[in-house]
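The annotation compositional bias 'Basic residues' is assigned in Swiss-Prot to 7-19. Per Swiss-Prot, the feature ubiquitin cross-link maps to Lys14, Lys16, Lys120. Per Swiss-Prot, the feature N-acetylserine maps to Ser2. Annotation source Swiss-Prot lists citrulline at Arg4. Taken from Swiss-Prot, the feature N6-succinyllysine applies to Lys10, Lys96. As annotated by Swiss-Prot, N6-(2-hydroxyisobutyryl)lysine applies to Lys10, Lys96, Lys119 (among others), with the evidence given as experimental evidence. Here Swiss-Prot flags Lys37, Lys119 (among others) as N6-(beta-hydroxybutyryl)lysine, drawing on experimental evidence. Marked as N5-methylglutamine by Swiss-Prot on the basis of experimental evidence: Gln105. Residues annotated as N6-glutaryllysine in Swiss-Prot: Lys120 (among others). Per Swiss-Prot, the feature phosphothreonine maps to Thr121; the stated evidence is experimental evidence. Annotation comment: Swiss-Prot describes 1-23 as region 'Disordered'.
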Amino acid sequence: MSGRGKQGGKARAKSKSRSSRAGLQFPVGRIHRLLRKGNYAERIGAGAPVYLAAVLEYLTAEILELAGNASRDNKKTRIIPRHLQLAIRNDEELNKLLGGVTIAQGGVLPNIQAVLLPKKTESHHHKAQSK
């Protein structure tokens, strides 16, 4: 008989995404496409989008971890831009990396200059000694 139909021949293996091969959540294929379309270079190696996806995933996980801690500290269950701002600005390395970035609805870090604080006076202790 002819070789038509579903019988015969090897069954084609289920396709596996490059993200799952690399053990990543971020889309390797999409990043590869964006690198090609972005005119960053004439050619893009096969490992470049995997590496970039891994770096982006790591940074995202790091920021979300710190923002989750900030939301828990504020007794909230949902991460809001304020929590992202607090997470980034309180971390030295992330603050340096994202120094020129403005986060909408993020607010500012609470900070009062030392010279503006009321002076510590020894009034109670000093008056008791002088009597």
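Cβ from N, Cα, C; glycine included.
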> Tell me, how many other CB atoms lie within 10 A of the CB of the residue listed as 'N5-methylglutamine', whichever protein chain they belong to?
Replying inline: 9
> What is the one among the recorded sites Lys14, Lys16 whose Cβ has the most other Cβ atoms less than or equal to 10 Å away?
Replying inline: Lys16
> For Lys119 (N6-(beta-hydroxybutyryl)lysine), which residues in the same chain are close in space, meaning a Cβ under 8 Å from its Cβ, but six or more apart along the sequence?
Replying inline: none
> How many whole Å apart are the CA atoms of Lys120 (ubiquitin cross-link) and Gln105 (N5-methylglutamine)?
Replying inline: 35
> Which of the modified residues Lys10, Lys37, Gln105 has its Cα closest in space to the Cα of Lys16 (ubiquitin cross-link)?
Replying inline: Lys10
>> So if I draw a 10 Å sphere around the Cβ of Lys120 (ubiquitin cross-link), how many other Cβ atoms end up inside it?
In response: 6
> Where's the emptiest Cβ shell within 10 Å among the modified residues Lys10, Lys37, Lys96?
Replying inline: Lys10
